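Features reported for this protein in TrEMBL:
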TRANSMEM  A:47-67  transmembrane segment
TRANSMEM  A:73-90  transmembrane segment
DOMAIN    A:93-272  domain 'ABC transmembrane type-1'
TRANSMEM  A:97-120  transmembrane segment
TRANSMEM  A:140-166  transmembrane segment
TRANSMEM  A:223-243  transmembrane segment
TRANSMEM  A:255-272  transmembrane segment
């Protein structure tokens, strides 16, 4: 085996003690800092649970119709929602949807400005890209341990873990979309004396919007992929049902809850994709390039 | 006093403008100044010479054409005028203002109010209507919505696109898109317009129509237009003056006819050879004004060589009259033949040199 070059025990102990020190001295402050996230999640969850089931179905079917103007997607959405209701998964599905929406909204607020920053400075991009790689490849349990230690088991660490896992694609695609805006259009804007702000909001973001929306789509999918892991530390919802199914060796419970997650994924994936396509057609990026 | 008026007649003045692309342009600049060629500088330092000591005086209210093949630096040159590219060395004055000493805020203000540009690839905003595209420059300038849309609508009508106000650029043909680009520049109401290969991406017939439209507009607008092209015929058709650029350096600058009649080197002769000289050369530039014999047959002074050729089947010479009908010279078949003959370095150039 590889020879012992140094004794790693002091290093490990230092890391562990450092974290313990943070938890002891900063635990309350960090928890207070994260409380807006919790309030956001709770508000969305309460709203979804207080809304009658038929209204939620009507809204989602309506949104699907607006996004495609065809009958296929609204039908798929309708059948998926009925499945969740009939299988007695409605409440869990709403809890999971709330987690996904809260994580996606937070990811949008954080990732788009960082993506804009990356697109403007090669140096920032060189620094942020490896961090994003790390966020995406590091097993999520690894950062679940410290977040659980700091915030205690519950919804905050679950939400934070979901955000960490779900934001990188949005940052990457925002950066990519802004960098790929037709240079001829950018030059024209510059020649007319546009300020950086006028260029960003008048030209770059509108033209990059389809790519940014593809990033939002990725983020919703990654957030849904995190729900089982998030439920291990107290997120509840469909993921918790899967976890219980495993724990009690109840195949049916795990299977139906799993299918419920698939149903949610299909609904949100297809709706955001359809909006992206509509937007792209309206801007006419493909023809303009 | 005379000096003063002359200064005011110059809209764009470039003096010794040199642009070198690469990580350390100063080293390459020193080499270039020591007399090395563009190729030598590139071989030794890896730096690309974009412009080499370009000096031009562009007078007000005329169409000045910079003509050159791809890679000659013409697109680099035009981008120096509104400082989309910063020069490595040299001076640039536009409307008496030193462009290079402007800070970022002054430069933006200058671009918003003094100079407009038309692009080869149109550079239209695909997510906006034609109306909003034409109004874009005014919007950047901060003009109120109602006012800028009214102005934009006027210019859309002037370029012949009424009815397309709410279309998207992609729904228009190439020629129509460039009309939008032209209207956007004209709506700025600036004295100077830069046109970077504005018609090069268009089909020949459409291009010819756009050239006619530009000339027609220019008769009433009297803008200073710096026009870049690789097409010598286009340069001859629309240019009041032409500068020929090669390897980033100006080879020859003058009136279209000067260049056709007296190409200063073999490179320019290459362009001139393929041109229909009979159409490019006006009789007034080659007529003989030394003796005026009364003549029954006359042509106006802005007739072209091809217009007088049929007369020479029967006559040796015919008279040339000015706009008032007064005979101001005469033109012989020999002079026309000399003007149309191919340039060769060994034969003395025709009169006028």
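Just so it is clear, glycine is given a Cβ too, placed from its N, Cα and C backbone atoms.
Quantities reported herein were computed from a predicted structural model and do not represent experimental measurements.
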Seg_contact(the transmembrane segment (A:97-120), the transmembrane segment (A:73-90)) with at least 3 CB pairs under 8 angstroms, min sep 6: no
Of A:73-90, A:140-166, A:223-243, A:255-272, whichever stretch has the most CB pairs under 8 A to the transmembrane segment (A:47-67): A:73-90
Close approaches to the transmembrane segment (A:140-166) from elsewhere in its chain (Cβ under 8 angstroms; 6 or more beyond its ends): 19-20, 22-23, 26-27, 30-31, 34-35, 37-38, 41-42, 99-100, 102-104, 106-107, 110, 219-220, 222-223, 225-227, 229-236
